[in-house]
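For reference, the structure is listed below as structure tokens.
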Amino acid sequence: MYTNYYTCGMLYLQGADQNSVSPTELLYRRHSIFYTCCLLYLQGADVNGVSPTELLHRRHSSGYYDASEQSLDKIGRGEEIKDPAMMPMNDTWQHRIEMHKINDQQIISCLQVDIKNKELFYRPPINQLTLSFLKNDLEHAYRNRYDEDLKYQNTVSSPRYHALLETVVSFIIFSLISICCFIIFNRNIAWITVFIVSLLIEVLALVHTFTDIKCHEKKVADCPSCVHFLSGWYCRNLVGAVLASIPVIAVYSNMSCELVLSSMLQDRFFCYCIVMAMLHYCNFTMLSSWMKSMLAALAGLTLLILLGVELCVIPQPVSTTMSVILNVTGNATMPPYLDATKYSTYLFSGHHKLIFELILDILLLFLLIWFLNREFEISYRVSFHGDSGAAKAKQQMKENKEQADWLLHNIIPQHVSEQLKTTSKFSKNHKDVGVIFATIVNFNEFYDESYQGGREYLRVLNELVSDYEDLLDDKRFKDVEKIKTITSTFMAASGLNDVSRAQNKHPFGHLLALMEFCIEMQNVVQRFNDSIFNFDFILNIGYNFGEVTSGVIGTTKLLYDIWGDTVNISSRMYSTGVMGRIQVPSKTIEILGDFFEFEERGSIQVKGKGEMKVALLVEKKEGVQWE
């Protein structure tokens, strides 16, 4: 809700307006729902055909306030409890949620027309010349993502799957070019050697990329330094340069005078193969585009040099007429028309009429490769930047959620907050719940406002209560929950979480754990007194168990608390107790007597209960276990 208000505020400052509904009006609509309901209630108007008086009557008659008695009766009869607090939210609450959804959709529509969001595609955060990220940490993460991005290593989104796919494409192109070379060109020693070495490199690259997916953890365990080196940015660019250049090298290895002087148009097919091999430099999109474009330029320049020089001696076409002229005149000079005939057939003669067209074709092909490589890398980097930003935002959201959950769970127990996410209210009845009140009875004697306004004494009390709360992290006290603190009184209960309670081996394990928690609290106070000079806090603890009702009060500032006669008696136990002792009703001995030793104190006057037999805890019996 607050995020929506903040978004509307930002859109208001930017002057956004969508479908003639401004963000200011969206905020006004949301607030007007609440104000309208309040005015209708004050005026006695009907809302959806139901008057406010009838709504209140329904709330009272729905059984919410008498749910405790009904639930306890049903528990005794073994019937299923249909707690109204667990029912879905009413129609009015659902209507408000639908209105919020409509407003949120309109806010999203406003955001979609925000031009600033499109700057990511028009002006990505990269250097337009080098195509590197403007932030060094982002560039470092981009270059090392192949080695560090293990989260999606078993999905097609992994760079390792991408590398395997590119290696397979490289192997296919190399195979096609090799087949063409074997069919069209002569099988010279240079080509056979290049083919064997290239095939070995391609196979090794396939094995490496495939095992990077299937056996990556084993490779890291066997040779982590090798894996780290092969996954590095410069090593991957070097390997990629070799794999991308293999088709070009394979074609050039077939260059020979036999190919130049061949009458079967092998020289034309040679150029076609070079063009196909140069297009292979558009592969390996994860690597540097400048590296691939420079290699493509080198391959094209090599072809232009071969076209511009005469590598082999071109034989002169000598006809019968020419022989007669030479015999008669004895002149060895060739006529001009014979020079043109000499070079008109051979493409690699250096004077072929198609050389300018080939130069233009190679230049256009290079521009195409350079443009594709540049756009591929920009797109890949923009995608990585978006993924990186999304990952950071997701991590930030996760941390915020964890912090919010931590704050919420410190106010409301986790098992209660999970139910509050689906219902608008919570209340529940419990049987055999242990409740304690532990108070420092002489804290007021130490508290003195004349010294720093009493802040130092509150700090001391806070440290003592923090020591109490540290005990709750012990797995022995998993069933114990802090309810609240009232000045120097610490209130806790056990057995409110049915799931945790059901895991205990002993049916009253939560009551036993609460009594042991009381003993540990006394030890904490004793250690506290020993560590601080001139402090002698006295801890009185009242203990009781029985039926209680737990619930959450409030809608904005929530409060989780428990109610019932059991809570009142527990409070009386500490107020009428003995200094530094744990006082319990006599009925507690029936449950805890096998594990703890008590001494009868007799009958005391308890407010609201009259005479009541009570007992004091002596100690925990040796060797007893209930877990």
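Just so it is clear, glycine is given a Cβ too, placed from its N, Cα and C backbone atoms.
Sequence annotations record features per position, and here TrEMBL assigns transmembrane segment to 163-185 (among others).
If you look at the transmembrane segment (191-210), the same-chain residues 6 or more away from its ends with a CB under 8 A from one of its CBs are 160, 163-164, 167-168, 170-171, 174, 178, 181, 185, 230, 239, 242-243, 246, 249-250, 253-254. Residues or ranges marked as transmembrane segment by TrEMBL: 191-210 (among others).
What TrEMBL records for 269-288 (among others) is transmembrane segment. Residues of the same chain lying 6 or more positions beyond the ends of the transmembrane segment (269-288) and with a Cβ under 8 Å from any Cβ of it are 131, 146, 159, 162-163, 166, 169-170, 173, 176-177, 180-181, 184-185, 236-237, 240-241, 243-244, 247-248, 250-252, 254-255, 259, 295-296, 299-300, 303, 347, 358, 361, 365-366, 369, 372-373, 376-377, 380.
Annotation comment: TrEMBL describes 294-314 (among others) as transmembrane segment.
The transmembrane segment feature in TrEMBL is assigned to 354-372 (among others).
Annotated domain 'Guanylate cyclase' per TrEMBL: 434-574, in sequence order.
On the 0 to 100 pLDDT scale, the domain 'Guanylate cyclase' (434-574) averages 89 in this prediction. Secondary structure by DSSP for the domain 'Guanylate cyclase' (434-574): 65 helix, 40 strand, 36 coil.
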